[in-house]
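**Student:** As listed in Swiss-Prot for this protein:
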BINDING   G37, P38, S39, G40, S41, G42, K43, S44  ATP 1 binding site
BINDING   G332, K333, N334, G335, S336, G337, K338, S339  ATP 2 binding site
DOMAIN    3-244  domain 'ABC transporter 1'
DOMAIN    299-533  domain 'ABC transporter 2'
Amino acid sequence: MTIEFSNFTFKYWALEKPTLKNINLTIGKGEKVVIVGPSGSGKSTLGQCLNGLIPFAVKGDCSGSLKINGKDTKSLDLHQCTNIVGTVLQDTDGQFVGLSVGEDIAFALENQMVIQEDMHTIVKDTAKMVELDDILDVSPFDLSGGQKQRVSLAGVMVDDVDILLFDEPLASLDPKTGKAAIDIIDHLHRDTGKTVIIIEHRLEDVLHRPVDRIIMMEQGEIVANMTPDQLIASDLLEQHGIREPLYISALKAAGCQITEDDKPAYFSTLNLDKFKPQIENWYHQSFVACTPENSERLLTVNNLSYSYDGIKNTLDDVSFHINKGEFVSILGKNGSGKSTITRLIMGVLEPDTGSIFMNGQDLAQSSIFERSQKIGIVLQNPNHMISHHMIFDEIASGLRNRGINEATVERKVFDILELCGLKKYRHWPIDALSYGQKKRVTIATILVLEPELLILDEPTAGQDYHHYTLMMEFVRELNRKLGITILIISHDMHLVLEYTQRAIVIANSQLLADAPVNTIFSQPALLEKANLTVTSLYSLAHAMGIERIDNFIHCFIEHEAKNK
């Protein structure tokens, strides 16, 4: 089923300028296409035009044409569009309508008044395709992130749609679960011949399996329409703020000139032999031993255990420490207990057993308010933290709650606005800011209180590479210049690799490892236990025959830090 955009332009009624500008794009029947681009580039708007949300549910002005199999979508209604294009959303919870997996998959069939006997057969067959046939009676809300996504996928597949649209399917998934999701999408594409369109930031993870083309968007326009090899060999990813595969970054760091003929889009097809001398030379010239860490303790966690239901431990006898001035990550798959550690540190939860000390004092003796004087936390979604209309008032709120006089409040807020690059926005309403700017406001709101420890929960969620790099470089400067200790909670292995010195790995409720990042990332068996995966940096070093892969990873980390 062919998709044809011809001189297609779309403008939301609420905006002055078009979000999509003069789009000309053809996607053939059975193609597998990836759409990439920075936040605000128009990727999701393009997807909403395909599935009929625009213009039937989301209003705006359209010009040009969009035809699916020769039919102009203006002649269709929303119901007809959804019978052609099945959409799997980033937030799968918002897509569930059934009390069980089976009911959710059957929802579309019930609307079509399919007889019950046929319905059972179709549901079972569809569930088997996405490996859910053994949990049809389970509530979808009790499943893991990867399982939830498969339920959503099955729910659109029973309609027997011709086009499958995935809107950021990897956004909330840990690396191993993300790879499994890409495997299933690839399996469906090969077995059914359906047209597959994937909108995603995490390009290297999507390229875990082959795709036909990559469409790159910027400011509402298509700036590239290429094969994966053509795009990866170009400099367009870097120019437009899209993270390129790690092994490509490492090859470029070593001065390697990559061409389309090298088949660079997939590590398995890349011609590595020609690059081996340059890689080895770069590695031997670049290696510098790690500097010893500051040994003065800030936070000590001793034998911490916690259970939400009193039966199964979410955390089981976990111990670790964080030194003053460190930049540390807690790494683990979804549901491993990472966020529970944060809640215990902040005092929102009380441990069943164990203790937490800060600067030698037992935090069990401190209230949540007293802990907040020393520890600041920035939540994944800035909208969950913001409580005031104006930027100045939001940042000043914590100081005012402490009874600080207004002259001091004003001085401190102005200082922090300057530090965070927000001074020119001080009189702006928060609603006028971008997502990344809101994130800076939440960090500023915490920093003005002068915490000793700053905790960032999934700081890169919902942000493209360009915007999250800006934010993380700012956080790195806070760590270097002000000496603020930083703790990141994440399953984003690229983030952990680029910015943190040490990783604490949690798996199956227990502490699995506590070591420098380059050591953690050079141990495949350990990563497998944590439901994580080796990075392509490891694969590159291994393919090159480098014995000390941890040192190779350390070289790359140092190179990236110097060139940010």
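Note that Cβ sites are derived from N, Cα and C of the backbone, with glycine treated the same way.
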**Student:** Near the Cβ of S336 (ATP 2 binding site), how many other Cβ atoms are there if near means within 10 Å?
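**Tutor:** So the number of other Cβ atoms within 10 Å of S336 (ATP 2 binding site) is 25.
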**Student:** Fewest other CB within 10 angstroms, which one of the binding-site residues S39, S41, S44, N334, S339?
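**Tutor:** Among the binding-site residues S39, S41, S44, N334, S339, the sparsest Cβ neighbourhood within 10 Å belongs to N334.
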**Student:** Cβ within 8 angstroms of the Cβ centroid of G332, K333, N334, G335, S336, G337, K338, S339: which residues besides those meet this for the ATP 2 site?
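**Tutor:** Nearby residues not in the site list: D174, H491, I506.
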**Student:** Between S339 (ATP 2 binding site) and S39 (ATP 1 binding site), find the distance joining the two CA atoms and give it rounded to the nearest Å.
**Tutor:** 26
**Student:** Let me know the DSSP-derived helix, strand or coil state of K43 (ATP 1 binding site), please.
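**Tutor:** In three-state terms, K43 (ATP 1 binding site) counts as helix.
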**Student:** In sequence order, which residues at least six apart in the same chain have a CB under 8 Å from the CB of K43 (ATP 1 binding site)?
**Tutor:** I35, V36, G37, I199, M217
**Student:** Using CB atoms and a 10 A radius, I'd like the single residue among the binding-site residues G40, G335, G337 with the highest neighbour count.
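**Tutor:** The residue with the densest Cβ neighbourhood is G337.
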**Student:** What average pLDDT does the predicted model assign to the domain 'ABC transporter 1' (3-244)?
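**Tutor:** Across the domain 'ABC transporter 1' (3-244), the average pLDDT comes out at 90.
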**Student:** In the structure shown, which of the binding-site residues G37, P38, G42, G332 has the fewest Cβ neighbours within 10 Å?
**Tutor:** P38
**Student:** Setting G37, P38, S39, G40, S41, G42, K43, S44 aside, what same-chain residues sit with their Cβ within 8 Å of the center of the Cβ atoms that define the ATP 1 site, listed in sequence order?
**Tutor:** T45, M217, E218, D464
**Student:** Just counting, how many other CB atoms are there within 10 A of the CB of K333 (ATP 2 binding site)?
**Tutor:** 23
**Student:** Kindly assign K338 (ATP 2 binding site) to one of the three DSSP-derived states: helix, strand or coil.
**Tutor:** helix
